[in-house]
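Asks: Input: one structure, supplied below.
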Amino acid sequence: MNENLDPTNQKYNPEELDLEKKLRPLSFDDFTGQEQVLENLKIFVQAANLRGEALDHTLFHGPPGLGKTTLANILANELGVGIKITSGPVLDKPGDLAGLLTNLDERDVLFIDEIHRLSPIVEEYLYSAMEDFKIDIMIESGPNARSVQINLSPFTLVGATTRSGLLTAPMRARFGIQSRLQYYNAELLTTIVQRSSSILKMPITMEAAIEIAGRSRGTPRIANAMLRRVRDFAQIKGNGSIDIEIAKFALNALHVDAHGLDEMDNKILNTIIDKFKGGPVGLSTLATAVSESSETIEEVYEPFLIQEGFIMRTPRGREVTEKAYKHLGKVKANVQGGLF
């Protein structure tokens, strides 16, 4: 995937990060889509505010780019509390976590992205903090080492993961609120593109907004990234506004087709067809064949390809569908058994 459009890419330059934050909704009213999740969260937040309690620990899971981080920030805003943000891979030692927990004020939100990547020792350390709002820390070392219990202010842990199946059962059980975010339809993404273009003060036609939305893989983060790139083309190659012609020109230049598939998506499909006769093929073998990590294929590319019906998982591996053959203009070879 073009790194400018990759929903997992964390290597944006400072200007891109600022723009991404600028486009993020700050309240429930500004957030588009995920209606059932949103309605439930509104009730949970109102009830917590009414009782003056910390919101129950909350887990958001689903493909990248659908709004998990945005919703964590919205929860803090709607609760009227502070938020501290970190990620699973960053928390190497219990001491890293202790520093965050002891600096939380009452009812604050601690957001841990990629929570499935917490180390086992840090995860176990988190259990007592989540359940009892207490942690035990070791003072000194050697024969003088002793454990001291520290009381924490009641807080809300918000976890986000793209791979909920990797969460341990004890960790999952400690989240009182669990919400799965779904891919967006084109209509909702069109609304998001129009809202973002308004914030960016970039005029856009309805046709162009629909075109960008239709190629955004059902993902708001990709829709906003595409909009920013199309805006670049509009300012340099166009007349400073986004119409259907400049939108198509820009998206084609970015190698994003009408289905939202990019070079790597099509490479995956072509590889399964050309090298493995349509499949089945194992994930690690496929990853080697396309020079991409298994994790990236499984987290970034595969969910959308399955959602859109281009590939399917079977007990023996990945297989392409008839839709993939039609999309690529290929004819499925007839494979017959027997000796003759």
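Each position is counted from 1, following the chain as shown.
Any Cβ shown, glycine's included, is placed from N, Cα and C.
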Asks: Which candidate from ARG217, ARG221, ARG228, ARG229 does Swiss-Prot annotate alongside LEU23, ARG24, GLY65, LYS68, THR69, THR70, GLU131, ASP132, PHE133, ARG174, TYR184 at the ATP binding site?
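Replies: Among ARG217, ARG221, ARG228, ARG229, only ARG221 appears alongside LEU23, ARG24, GLY65, LYS68, THR69, THR70, GLU131, ASP132, PHE133, ARG174, TYR184 as ATP-binding in Swiss-Prot.
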Asks: How many angstrom lie between the most widely spaced Cα atoms of the ATP binders LEU23, ARG24, GLY65, LYS68, THR69, THR70, GLU131, ASP132, PHE133, ARG174, TYR184, ARG221?
Replies: 37
Asks: Using DSSP, break the region 'Head domain (RuvB-H)' (258-340) down into helix, strand and coil residues and give each count.
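Replies: The counts are 43 helix, 9 strand, 31 coil.
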Asks: For GLU131 (ATP binding site), which residues of its chain lie six or more apart in sequence with Cβ-Cβ distance below 8 Å?
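Replies: Listed in sequence order, they are ARG174.
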Asks: I want to verify one value. Collapsing DSSP to three states, which class is TYR184 (ATP binding site)?
Replies: coil
Asks: Test of understanding: give the count of other CB atoms lying within 10 angstroms of the CB of TYR184 (ATP binding site).
Replies: 25
Asks: Which whole-number value in Å describes the distance between the Cα atoms of ARG313 (DNA binding site) and TYR184 (ATP binding site)?
Replies: 22
